[in-house]
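A quick write-up on the structure given underneath.
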Amino acid sequence: MRVYLDLMQKILDEGTVKSDRTGTGTVSLFGHQMRFNLAQGFPLVTTKKCHLRSIIHELLWFLNGDTNTAYLKEQGVSIWDEWADENGDLGPVYGAQWRSWPAADGAVIDQIQRAVDDIKHNPDSRRIIVSAWNVGELDKMALAPCHAFFQFYVADGKLSCQLYQRSCDVFLGLPFNIASYALLTHMMAQQCDLEVGDFVWTGGDVHLYSNHMEQTALQLSREPRPLPQLAIKRKPDSIFDYRFEDFEILGYDPHPGIKAPVAI
């Protein structure tokens, strides 16, 4: 994951100091892309320990179409707590848009199921896209989608995925986002009887928060270690039937974790 450290250094060297919605302040770049060959290892940051439990359970929560934090709390995952209301509700965030996008005619669109169907039956389509950026419902969401739009691409028996992330907290959020969409690509490939290709991450406002600078310096002082491998222990009947126990990360040997405050 040298490319991740390179991005951090590029922000420090070339970024612009900006204000932001949270009032914290950032150093920011606009427009950056990284590519990960998923056959060469699972792209999980090794220069600090990442909380795998949160990454996996959050993705399963998205795929279930859930928008209440109750399931996450049951699994010991607190990453959405700061944005939830007193009942744990978040409004129509990712899970709602992925699984039940409201159409103008009153229909509900399951974008994930449609993507699976297109990959299987129309793999050359240039429209295998899932969007969480529903302009008509942004005001109802506790947090507007940061990882907003992703597209699948099939070539030579391999499935690739590209994510567009409009806003990216590089220190805290980006390692989660890369791992989450890499995991989703593996799952979709398995369901569609394909090998994995590349995960391409494209960022818009790519930033380091001003209160993450010491943590960033510590991480930049560390040498990346070999990437782990992902093992999926079974093939469920559908993309929606995976369980936490189905996944194992092999050979993950990270440096110690680094704590940092979340900008709310």
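Every residue gets a Cβ built from N, Cα and C, even glycine.
From the candidate list ASN37, ASN177, the residue Swiss-Prot records in the dUMP site shared with ARG21, ARG126, ARG127, ARG166, SER167, CYS168, ASP169, HIS207, LEU208, TYR209 is ASN177. In this view, the densest Cβ surroundings among the binding-site residues ARG21, HIS51, ARG127, HIS207 belong to HIS207, judged by other Cβ atoms lying within 10 Å. Under a cutoff of 8 A between CB atoms, and with a sequence separation of 6+ in the same chain, the neighbours of TYR209 (dUMP binding site) are THR24, GLY25, THR26, ASP169, PHE171, ALA260, ALA263.
For CYS146 (active site, nucleophile), the number of other Cβ atoms no farther than 10 Å from its own Cβ, over all displayed protein chains, is 17.
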